[in-house]
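Engineer: Below: one structure in structure tokens.
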Amino acid sequence: MSKPTGLTTASILSISLVGGVSTLITGILPQLEREFATVSTTMVEWLVTAANISALVTLLANPYLTRRWGIKKVVVTGLWLAALTGVIPLFTHVYWLVLLSRLALGLGIGLFSPHAIGLIAHTYHGELRARLLGYQTGLGALGNALFLALAGLVVAFSWRNVFLLYLLLGGVALLASAGLPASEAAVPADQLAVKKLPVSRWLLVALAFVTYLLIWGVQLKLPWLFLDRAFGSAELANWTLSAMNMGGLLAGLTFGRVHRYLHQYTLTLGYAGAALAVVLLLTTANTLVAVGSAVFFNFIYSYTGPYLVYRSQLDLPPAQIDAMSSWLTIATVISAFFAPPVWNFLGALGPGTVTTNVLLWAAGLLGLIAVAVTAFFRHQPQPILERGNSHDH
């Protein structure tokens, strides 16, 4: 894997394209709520995020599964499982069957998603690793953008057709079958090493959890914001979500250069810029400004993810890299599952509608985090999150 072929590299990076497929139904949340009018808003939003909690099962089992069968078989199996179960809601009107299919989708996602980061972390080092992790984030955003754009097209015919898009994962499974080496397996986990992960890395895991919880708050409520303020239809909401991910792609592609100049203050840029974008979303009555603010939010906020991944894995031995990859993925998974109840609870606390209150909370928390991380960095001569040894450069 030190000099992977072009096909192998393409197959590794293609995993990132489909890592966020559970979100492609975000734009049809209003239609889902009308379809399942007898259940609560939180339970409807769980149809988007439920896959993340079931993914936790296969994420935790992933080290054993990859040692037993190798990464290639695990990844390909996960892709096919996600492709076939993702399409099931097209054929049923029963909420609980849809929920079960989404949980099964998550089992597949948990099989392949952690390897999007782990394979890059094992193969590359230093600034090249930082750049490729930025690309990985960018490809994840590109994949989300493509899926959401396609959803924006098919929803014009029938919102249920969105579920057909999960069959595209079969194409990625075929690429993985052709490109991933059969002998590739996970590095056996060193449980003692895992237990000795530095405290700073656990702080980064916690920050990753909050970071993704915040982005879920904005993305889940964006379709409702567009509906409440008559910005546009479900098609526009889907296209906006797609464009947001294109902003994430741009951030991923430019992360290496930005990090080279800003270093740890890349986090400040991400959180502060996102806070300003949410404030603009809250205060505008113009559709174009709202769309632009949403895209800028995802662009600027997408500088935080690669930084957290890169710095959390800096100078760790292979066993701990695997552990950090798993913990970061688990943090993002858990944040997605808790997002609907957390944000609907906070949405009830405030002066406006649930959607307005959620965005107020998000803007305030983003601003607070921006101030906190900046203050922390300024009081560290050599910030703990920026320390690294020469072998990683």
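Numbering starts at 1 and runs along the chain as displayed.
From the backbone N, Cα and C atoms, a Cβ is placed for every residue, glycine too.
Here's the feature list from TrEMBL:
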| type | residues | note |
| --- | --- | --- |
| DOMAIN | 7-382 | domain 'Major facilitator superfamily (MFS) profile' |
| TRANSMEM | 12-32 | transmembrane segment |
| TRANSMEM | 44-62 | transmembrane segment |
| TRANSMEM | 74-97 | transmembrane segment |
| TRANSMEM | 103-121 | transmembrane segment |
| TRANSMEM | 133-157 | transmembrane segment |
| TRANSMEM | 163-182 | transmembrane segment |
| TRANSMEM | 202-219 | transmembrane segment |
| TRANSMEM | 239-258 | transmembrane segment |
| TRANSMEM | 265-282 | transmembrane segment |
| TRANSMEM | 288-309 | transmembrane segment |
| TRANSMEM | 321-338 | transmembrane segment |
| TRANSMEM | 358-377 | transmembrane segment |
Engineer: Where else in the chain does the transmembrane segment (12-32) make close Cβ contacts, counting only residues six or more beyond its ends and a cut-off under 8 Å?
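Structural biologist: For the transmembrane segment (12-32), the sequence-distant neighbours (Cβ-Cβ under 8 Å, at least 6 residues beyond its ends) are 4, 44-45, 47-49, 51-52, 75, 79, 82, 86, 102, 105-106, 109, 112-113, 115-116, 119-120, 123, 135-137, 139-140, 142-144, 146-148, 150-152, 155, 159, 162-163, 165-166, 168-169, 172, 175-176, 179-180, 219-220, 222-224, 227, 234, 237-238, 241, 336.
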Engineer: What is the average pLDDT across the domain 'Major facilitator superfamily (MFS) profile' (7-382)?
Structural biologist: 84
Engineer: Tally Cβ pairs under 8 Å between the transmembrane segment (321-338) and each listed stretch (44-62, 74-97, 239-258, 288-309), then give the stretch with the top tally.
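Structural biologist: Highest pair count goes to 44-62.
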Engineer: For the transmembrane segment (239-258), what are the same-chain contacts with Cβ under 8 Å, counting residues 6+ beyond its ends?
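Structural biologist: Result: 26-27, 127, 130-131, 133-149, 151-152, 219, 222, 226, 266, 269, 291, 294-303, 306-307.
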Engineer: With the transmembrane segment (133-157) as the reference, find which of 44-62, 103-121, 202-219, 265-282, 288-309 contributes the most Cβ pairs under 8 Å.
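Structural biologist: Most Cβ pairs under 8 Å with the transmembrane segment (133-157) come from 288-309.
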